[in-house]
Amino acid sequence: MHELAITQSVVDTILERTENARVTAVHLVIGKVSGVVPDAVRFCFELVAAGSPVEGARLDIEEPAGRARCRACAAEFACDGLVVLCPCGSAEIDVLGGDELLIRSVEVE
Amino acid sequence: MCTTCGCGDPAGTRYTALRHDHSHDHSHGHHHPHDRGAGARTVPLEERVLARNDQLAAANRRLLAERGVHAVNLMSSPGSGKTTLLERTIRELGDSVPVAVVEGDQETLLDAERIRATGRPVVQINTGEGCHLDAAMLERGLRELDLAPRSLVFVENVGNLVCPALFDLGESTRVVVMSVTEGEDKPLKYPHMFRTADLVLLNKIDLLPHVEFDVARCAQQIRRINPGADVLHVSATRGAGLPEWCAWLRKRAITIYCEPEI
């Protein structure tokens, strides 16, 4: 779905930041509650990178787990999605982590 | 996935202002020379993938705030009644506030033509293969409209409960429209969309006697995802709840105008 647009942004950003150097590996961070599906990005990556200096690069995706804090009782807990309840029963939570969508680094020749 | 929903290259996006007789192409705007460096090395980037969209969204938000324009991003699945709701809302608001509309669809000018019939300025963004509007598209769309100061601009996003959730447009209000024909579990199935909504509008409320839809359960699901969201019931075809929806919009606009940082 939106992963094609997301992957296009990834490749465009890399091309800008690396001044079109030959890229051999790309390290992304896609959190478990980011709303982006890593497998879909993998599928799109080959397509989007074709014909650019990123073509053929290895794609490593780090998938940090979700972390949330309850606004009612301040407890922190792990979550795999956004449909979460604090053990105290409150649905009022702030997502502390796992929503990242980052280009961590690239390897260039 | 992409072959199903057709999300694609922004080069396919088309903009049509129905007040004018021309449309604009959108070119990619840059090329990629293939210079190669020497020696392998790791380059730390630490860059947010959506950084560029979010910068453009912030610029849209500043522009709208300078003019005191209240921008409302309307999101829903296809067929929930967004365009009918807009037609009725424009009639209900009458001359109390200048209204303009940005319509987002993959193809056709059909929705923009319906809005044009109300006499309000409208621009149609056809995303081609794209499954959502992004901040760059809205920026282009707003340029086509001559936005009146202290006006209300509705942005009807592409009908899709997944992709539009991730793309900030620079709007000040996010409204998710769902209809009673869709089933009350939508908020749990599409939490990203419902989590950032300021208001959930439950449409087609007149059909309740004919469908299996538990209003209380739906409200409970919304609260589980987004306890801060308001919920209103409307029937865009019959008019029920429209005065309350318009009152909500007015109240929201006052809140926004009184808070210059928004």
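Backbone N, Cα and C atoms are what each Cβ position is placed from, and that goes for glycine too.
Copied over from TrEMBL:
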- A:HIS2: Ni(2+) binding site (BINDING)
- A:CYS70, A:CYS73, A:CYS86, A:CYS88: Zn(2+) binding site (BINDING)
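Among the binding-site residues A:CYS70, A:CYS73, A:CYS86, A:CYS88, not one has its Cα within 10 Å of the Cα of A:HIS2 (Ni(2+) binding site). Residues from the set of binding-site residues A:CYS70, A:CYS73, A:CYS86, A:CYS88 situated with their C-beta under 8 Å of a chain B C-beta: none. For A:CYS73 (Zn(2+) binding site), applying a Cβ distance below 8 Å and a minimum sequence separation of six or more within one chain yields A:CYS86, A:CYS88, A:SER90. Fewest Cβ neighbours within 10 Å among the binding-site residues A:CYS70, A:CYS86, A:CYS88: that distinction goes to A:CYS88. Look at A:CYS70 (Zn(2+) binding site): DSSP puts it in a strand. Note: the Zn(2+) site is recorded as A:CYS70, A:CYS73, A:CYS86, A:CYS88; in the same chain, A:ARG71, A:ALA72, A:ALA74, A:ALA75, A:PRO87, A:GLY89, A:SER90, A:ILE93 also have Cβ atoms within 8 Å of that site's Cβ centroid.
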